[in-house]
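Everything on this sheet refers to the single structure shown next.
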2 protein chains.
Amino acid sequence: MIEDKNQEKTGLDQLGEFELIKHLTKNFTLQHKSTIKGIGDDAAVLDFKDKKAVISTDLLIEGVHFDLSYMPLKHLGYKSVMVNLSDIYAMNATATQITVSIAVSNRFPLEALEEFYSGVALACEIYKVDLVGGDTTSSTKGMLVSVTAIGEAEEGNIVYRSGAKPNDLLVVSGDLGGAYCGLQVLEREKEVFKVNPNNQPDLSPYTYIVERQLKPEARRDIKGLLEKLEILPTSMIDISDGLSSEILHLCDKSEVGCNLFEDKIPLDPTVISACEEFKMDSTLVALSGGEDYELLFTIDQKDFPKIKGNPHFTVVGHMTDKGEGVHLISRSNTKIPITAQGWNSFS
Amino acid sequence: MIEDKNQEKTGLDQLGEFELIKHLTKNFTLQHKSTIKGIGDDAAVLDFKDKKAVISTDLLIEGVHFDLSYMPLKHLGYKSVMVNLSDIYAMNATATQITVSIAVSNRFPLEALEEFYSGVALACEIYKVDLVGGDTTSSTKGMLVSVTAIGEAEEGNIVYRSGAKPNDLLVVSGDLGGAYCGLQVLEREKEVFKVNPNNQPDLSPYTYIVERQLKPEARRDIKGLLEKLEILPTSMIDISDGLSSEILHLCDKSEVGCNLFEDKIPLDPTVISACEEFKMDSTLVALSGGEDYELLFTIDQKDFPKIKGNPHFTVVGHMTDKGEGVHLISRSNTKIPITAQGWNSFS
């Protein structure tokens, strides 16, 4: 869309910085009583009353975290919000506000930023969060996005990474590996496009996994689902870097070990077929792929009957004493130590 | 320092992302009771009890907002925090927590990030704020910093941009134009250095203005000073983009006009002499220079006796009816309309 030279575009230098922010945020409405003052002053003012405030922040950099050649800007706006809300949900909290800052080079016209903000607006509407601040500036190269998400929670409901006990069950929401498989499809199509720009790819067999990559949904619903089941997880984390990395975080903070069962890892059929097509090991993809934004949590064994057979949740393992270490129990019943193979932007 | 090839440096790819964060933040201690959980989980948890939370965020981009050829990384870390705390103080709030995210390219060794974080740590110590989160990732080019500052305030004490009334007095803390003059000195020395790298510049006559640029201090003290004087400003903003731009913001949000008196604008003698040396108009520098991080506020006329002669404050003008417009009253008593000439990163 940015490359379409036939449309009239508006240079960012034609608006002042404050006019730009006003223009981009004019359609955002505030939905939370806790938002006393949103955009338009030195800072936003929020009222959490007797609840605790929960804060998380993430940076997304073009060329590192996203590729605009296949990531539409509206999707990028949406995903940038999801990535952060996911952290709030991983505390078993309710996301209430966000701030969104972007820096872009001069190659982006105003219409591109409008696209980005339309994705942010859609996320705000669906996930019921208020945009309360941000910063808009120029970069010397490419685009970058910084989002801070704010949430609220009753103190007793907050779930940390550190509460898992030996014998607790390890549970994951949804299914894993889809986002990474979607990325492989998009990367392949990009290479095809480079050779033949007129090629029209048929992505329909890959709809699910491509959506997992381009338009992930944070698990806002899990808190409510667990409350209905009368389950309070003992520890929780969101899966942004891959299952193995997140298990290691839970084990590290909770000072426990873990046995993860390979045959329990939930995989969508599209993920299995994509792994066959791309000659990837589906377990490795689930362990190290990342960007699934599902929630990984532990529950007391006594809660097992409440969760058994629930289509939203899969028990994938159990926690052990710290000394037993962190292992994958393979389909052939081999015990393989789990090491961090999560995403590292510096390597 | 980054360019000194004789020292042993540690590549960022040698540490994992989480090890890196752990390493960089290991010396930060939490000072606020309101910080229930800092770094180390999906999100920080804060407790504002019956106070309101105040949130502000800013992006700083290398090549746009700072130049590492004369900005030491420790100073950059310090200044990044100051820029954000200034927004919290401009709400008449107490800054309590910050999150700091950075993205750097591979040219930065670990030691460079340690320098940056030592500046953040110094700011946290002096300004009594807790580092409670952030993100550390790689960039494809240069360095960028995103800081979110969080503060707390009693509802009745919060001062917005929108409360100024006609006849209110316009007051500024400290003096103006220093940061911009300091930038001119540093830019000149950079050009000299390009021609003769062995030249040792004598910056001692410029200590004050260079410090204003490289190590600005946010006005944490103003809230307490005003409380002692029993003054609650009717409106307030921090001066990040220059006096003219901030006055226009106050007038816009408060729906008032303003007369600013040129001969009242507080200028340090070093600023006046630097303006002479660089052939700049000192009034224009104060109006449009920016980065002074002083506070600009309005007070009711009845509070004038309390503030008169106070060395921290200067009355520089008064608000008028909206229809009268926003003007600078020059030394020769000419009325000149004030237009926004603040910093715009896109032009």
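FYI, residue positions are counted from 1 along the chain as it appears here.
Yeah, the Cβs are placed from backbone N, Cα and C, and that goes for glycine too.
Any TrEMBL annotation is an automated prediction that lacks curation.
Features of the protein shown, as given by TrEMBL:
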type    : residues                                         : note
DOMAIN  : B:40-152                                         : domain 'PurM-like N-terminal'
BINDING : B:ASP42, B:ASP87, B:ASP238                       : Mg(2+) 3 binding site
BINDING : B:ASP42, B:SER56, B:ASP87                        : Mg(2+) 4 binding site
BINDING : B:THR57, B:ASP58, B:ASP135                       : Mg(2+) 1 binding site
BINDING : B:ASP58, B:ASP87                                 : Mg(2+) 2 binding site
BINDING : B:HIS65, B:GLU291, B:TRP343                      : substrate binding site
BINDING : B:TYR117, B:GLY134, B:ASP135, B:ARG161, B:SER240 : ATP binding site
BINDING : B:ASP241                                         : Mg(2+) 5 binding site
**OP:** Sorry to bug you, but what's the C-alpha spacing from B:ASP238 (Mg(2+) 3 binding site) to B:ASP58 (Mg(2+) 1 binding site), rounded to the closest Å?
**Re:** 13
Original post:
Any idea what DSSP makes of B:THR57 (Mg(2+) 1 binding site), helix, strand or coil?
Top reply: strand
Original post:
How does the model score the domain 'PurM-like N-terminal' (B:40-152) in terms of mean pLDDT?
Top reply: 94
Subject >> Subset of B:GLY134, B:ASP238, B:SER240, B:GLU291 (binding-site residues) with C-beta under 8 Å from chain A >> reply: B:GLY134, B:ASP238
Original post:
Within 10 Å of the Cβ of B:ASP238 (Mg(2+) 3 binding site), how many other Cβ atoms are there?
Top reply: 27
Original post:
For B:ASP241 (Mg(2+) 5 binding site), which of these binding-site residues sit within 10 Å, Cα to Cα: B:GLY134, B:ASP135, B:GLU291?
Top reply: B:GLU291
Subject >> Per-state residue totals over the domain 'PurM-like N-terminal' (B:40-152) - DSSP helix, strand, coil >> reply: 35 helix, 44 strand, 34 coil
Original post:
From the Cα of B:SER56 (Mg(2+) 4 binding site) across to the Cα of B:ASP42 (Mg(2+) 3 binding site), what is the distance in angstrom?
Top reply: 20
**OP:** Specify the nearest of the binding-site residues B:THR57, B:HIS65, B:GLY134 to B:ASP87 (Mg(2+) 3 binding site), where nearness means the distance between Cα atoms.
**Re:** B:THR57
Original post:
When DSSP states are folded down to helix, strand and coil, where does B:ASP238 (Mg(2+) 3 binding site) land?
Top reply: strand
**OP:** Round to the nearest Å and give the CA-to-CA distance linking B:SER240 (ATP binding site) with B:SER56 (Mg(2+) 4 binding site).
**Re:** 14
Original post:
Under a three-state reduction of DSSP output, how is B:GLU291 (substrate binding site) classified: helix, strand, or coil?
Top reply: coil
**OP:** Please determine which of the binding-site residues listed here (B:SER56, B:THR57, B:SER240) has the lowest count of neighbouring CB atoms within 10 Å.
**Re:** B:SER240
